[in-house]
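> Have a look at the structure that comes next, please.
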Amino acid sequence: MAPRRERVSTLPRLQLLVLLLLPLMLVPQPIAGHGGKYSREKNEPEMAAKRESGEEFRMEKLNQLWEKAKRLHLSPVRLAELHSDLKIQERDELNWKKLKVEGLDKDGEKEAKLIHNLNVILARYGLDGRKDAQMVHSNALNEDTQDELGDPRLEKLWHKAKTSGKFSSEELDKLWREFLHYKEKIQEYNVLLDTLSRAEEGYENLLSPSDMAHIKSDTLISKHSELKDRLRSINQGLDRLRKVSHQGYGSTTEFEEPRVIDLWDLAQSANFTEKELESFREELKHFEAKIEKHNHYQKQLEISHQKLKHVESIGDPEHISRNKEKYVLLEEKTKELGYKVKKHLQDLSSRVSRARHNEL
């Protein structure tokens, strides 16, 4: 990868972004195999498209992903998380369609970002057809969670922490969420790496060797920079997991939730004034409280699901009806809170990103 960073380009920006878009669209290969269901016409409904009766989403491709996820037998908590991610994706895609009509994404940069985000969702929930991503994944702890990490280093750290006696059950829950957050960062990094590799292959195939000395692509350099930032974040995350797994949680931690910790670390190195940084800190506290509320509902949903399965095995219609009603209410509340958390995270991440770019 390193030698490619020195490449230069005189190609028009639009042509380069087309190169980036094409490999992005090729990533979810199992979906493409379904024929016309994921064609451009199907993926770009009319601006005023309304949700069909009984469908979760207004966009057909998202309904198809949702149905596929349900066939994978993901846990209720995991399905609720996916639902929130798809709702965010739907909102962003519909907003992008309005921008496109107004001619505000002529270079295709926002479209490329949307495709990247969808590919991250496919990888995160095992919808990309890769066997190693088909594992059951849960935010809740159980006896078999070690197998979900998929990395011997993480499994060793987790086993050491779990058997050290340094953590209460609540702290183990918190540490487990940190491990899952770290795993998701690796997945996002791999999606970006795959995207960049495909873009560069297309880039080299398009150009003759004589052109290479005169080419500089701001787009590819930007992607390499993002890749380096993500790798730095992954390395810092692993260092933190090692430290916490060996030493336990200290009493001086500013924040506890891994996503909030990441945002705070980024904010401190961004171009914020002292007043802006303090304001951001306060907002992060509110965000963390929102995450904790969401975590609480996730746990209640898991408990309700187990109870419903037990009642169904007994076969008492009255108890089944009552427990099912409670389960459905918890499921909807968990989805709603999940959407709010992800939207808030997106907004906070954008603010930090803008501040960091202003500094550059």
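Just so you know, glycine gets a Cβ as well, placed from its N, Cα and C.
According to Swiss-Prot, the protein carries these features:
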type	residues	note
SIGNAL	1-28	signal peptide
MOD_RES	S53	phosphoserine
MOD_RES	S138	phosphoserine
COILED	184-302	coiled coil
REGION	240-356	region 'LDL receptor binding'
CARBOHYD	N271	N-linked glycosylation site
MOTIF	357-360	motif 'Prevents secretion from ER'
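Surface or core, plus neighbours and distances: that's what I need for these features.
As a summary of secondary structure, the region 'LDL receptor binding' (240-356) carries 100 helix, 0 strand, 17 coil according to DSSP.
Of all Cβ atoms in the shown protein chains, 13 besides its own fall within 10 Å of the Cβ of N271 (N-linked glycosylation site).
Mean pLDDT of the predicted structure over the motif 'Prevents secretion from ER' (357-360): 58.
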